[in-house]
Amino acid sequence: MFPCPICGASSRTRTSRMENKERTIRRTYYQCNNLECGVCFYTLQSVIGLVGKNKTEDKSIPWEDFPKSHRGRNQLNFDLDQENELDARSKTPIAADESHGK
């Protein structure tokens, strides 16, 4: 959410799109939520720098099997431990083989 530059009210995103091939700049179009104002405006968001970067490559994920639209340049990998999975209703640990039967 970006505040309206005219009246300061909240605004809603109408649409957005990438502005360059490197996908580091996004143009977002907004509309003011104030019915008396209702102005439409756009902002530009850009990547200025990276805070940190993972230098290791994980070859265990078959990236070629995913559609190109689902592949980012640097995806995060989380190791999911099913033995410590919690049952959402009882908040007690359940075994991995029992988690899929509910």
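A Cβ is built for glycine as well, from the same backbone N, Cα and C atoms used for every other residue.
Summarising the annotation, TrEMBL assigns domain 'Zinc finger Ogr/Delta-type' to 4-47. Residues annotated as region 'Disordered' in TrEMBL: 58-102. Per TrEMBL, compositional bias 'Basic and acidic residues' is recorded for 58-68.
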The domain 'Zinc finger Ogr/Delta-type' (4-47) [mean pLDDT, rounded to integer]: 95
Field: Helix, strand and coil counts within the compositional bias 'Basic and acidic residues' (58-68) (DSSP)
entry: 4 helix, 0 strand, 7 coil
Message: Just to be sure I understand, if DSSP states are collapsed into helix, strand and coil, how many residues of the domain 'Zinc finger Ogr/Delta-type' (4-47) fall in each?
response: 0 helix, 23 strand, 21 coil
